[in-house]
Amino acid sequence: MRIWKSHPLFSLVNGYLIDSPQPSNLSYLWNFGSLLGFCLVIQIVTGVTLAMHYNPSVSEAFNSVEHIMRDVNNGWLIRYLHSNTASAFFFLVYLHVGRGLYYGSYKAPRTLTWTIGTIILVLMMATAFLGYVLPYGQMSLWGATVITNLLSAIPWVGQDIVEFVWGGFSVNNATLNRFFALHFVLPFVLAALVLMHLIALHDTAGSGNPLGVSGNYDRLPFAPYFIFKDLITIFLFIIVLSIFIFFMPNVLGDSENYVMANPMQTPPAIVPEWYLLPFYAILRSIPNKLLGVIAMFSAILIIMIMPITDLGRSRGLQFRPLSKITFYIFVANFLVLMQLGANHVESPFIEFGQISTVLYFSHFLIIVPLVSLIENTLVDMHLNNTIT
């Protein structure tokens, strides 16, 4: 087995998947990375297969998807696997980010890993939006029209940029072609960023752990211990995903998208996929178009400032009760935003959306630094009392 350590390619695999020393107290919350990698592989394989039968033209896109569903051998399975794994991908990413926020994975020396992860999240959202347009149902067309129109909020040149993106004066053949090309290419860019994410993690301090202390005191090799641990959650994931694919494949979709796109008829409500709803709610809660767009993008990118705003001395919230409370309030608020994004723009949803948006941004900009300062002060007071 000496070749595993001497061969230039095998030694890389060995360093990352076999001999990689991991803290011995990792919980199952550290399994999301392998699950997300598994999702990306599924998406690339099923996506390339679907692309072999898809026709990116306004007149044939919807029919080609129907052809995949009805005529291609197991085409229904490939398509449902692709669409449901996309939802699973985002669900797991949100859990992965939530775990990172709770356990302080953004703190030095893992700041670069956190930053690359945020870029991956933004690129995932862009890729998902492009893919949602491709079946060219009603929600595809009108979703594409609404979201690309956000670029018109850019002063002076906005409308020109929108028409440049469309390749015409509305969503047309050129739009569908370029969206298909980008949707095909971006997952491979995503895979490259995932490798960078891994390299940044391994070349700094490796994985964190639930205690937030140095993991150097007790480590175990990745194989066989953590490979087996990852396989448990991968098999559980396959079971849950199979239940969705075989028993309720359309539960996370929108019924409007099973109607061929009609530019002359607007759907009753234009709603994106569930995983983009919190940011859609933030966009709609601000009356000004430009400020709404800025707020929506800021809501995604704001997690990058966590290494600066978290002034706590310990990594993670395990031993910080006040921060724990604020974290769970933040999670509840995020779920409220998700629900509000699916509702019509009317009272009281507008007011609730504005309150939730203020709470969302104040969590990162005001609550986190303030609560961490209070906790630091309480610790100092306790230490002074014990010394005296």
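Placement of Cβ uses the backbone N, Cα and C atoms for every residue, glycine included.
Long-range contacts of the transmembrane segment (32-52) within the same chain: residues 68, 78-79, 81-82, 85-86, 88-89, 92-93, 95-96, 99, 180, 183-184, 187-188, 190-191, 194, 230, 233-234, 237, each at least 6 residues beyond the stretch ends and with a Cβ under 8 Å from a Cβ of the stretch. Under the heading transmembrane segment, Swiss-Prot lists 32-52 (among others).
Marked as transmembrane segment by Swiss-Prot: 76-98 (among others).
The Cβ of His183 (heme b b562 binding site) has 21 other Cβ atoms within 10 Å, all protein chains considered. Residues or ranges marked as heme b b562 binding site by Swiss-Prot: His82, His183.
DSSP assigns His197 (heme b b566 binding site) to a helix in the three-state reduction. For His197 (heme b b566 binding site), applying a Cβ distance below 8 Å and a minimum sequence separation of six or more within one chain yields Thr113, Ile116, Gly117, Ile120. The heme b b566 binding site feature in Swiss-Prot is assigned to His96, His197; the stated evidence is sequence analysis.
Residues annotated as transmembrane segment in Swiss-Prot: 113-133 (among others).
Among the features that Swiss-Prot reports, transmembrane segment is placed at 179-199 (among others).
Positions annotated as ubiquinone binding site by Swiss-Prot: His202. Within 10 Å of the Cβ of His202 (ubiquinone binding site) there are 14 other Cβ atoms, across all protein chains.
Among the features that Swiss-Prot reports, transmembrane segment is placed at 226-246 (among others).
Under the heading transmembrane segment, Swiss-Prot lists 290-310 (among others), citing similarity to another entry as support.
Outside the transmembrane segment (322-342), and at least 6 residues removed from its termini, the chain residues within Cβ reach (under 8 Å) are 98, 101-102, 271-272, 274, 276-282, 284-285, 312, 349, 352-353, 356-357, 359-360, 363, 367-368, 371-372, 374-375. According to Swiss-Prot, the transmembrane segment annotation covers 322-342 (among others), on the basis of similarity to another entry.
The transmembrane segment feature in Swiss-Prot is assigned to 349-369 (among others). Tertiary proximity for the transmembrane segment (349-369) is limited to same-chain residues at least six positions away from its ends with a CB under 8 Å from its CB atoms, namely 281-282, 284-286, 295, 298-299, 302-303, 305-306, 309-311, 323, 326, 329-330, 333-334, 336-337, 340, 343.
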### Query
For the binding-site residues listed here (His82, His96), which one has the lowest count of neighbouring CB atoms within 10 Å of its own CB?
His82
### Query
Say you check the Cα of His202 (ubiquinone binding site) against those of the binding-site residues His82, His96, His183; which is nearest?
His96
### Task
Look over the recorded stretches 76-98, 113-133, 226-246 and say which has the most C-beta pairs under 8 A to the transmembrane segment (290-310).
113-133
#### Entry: His96 (heme b b566 binding site) and His183 (heme b b562 binding site), Cα-Cα, nearest whole angstrom
23
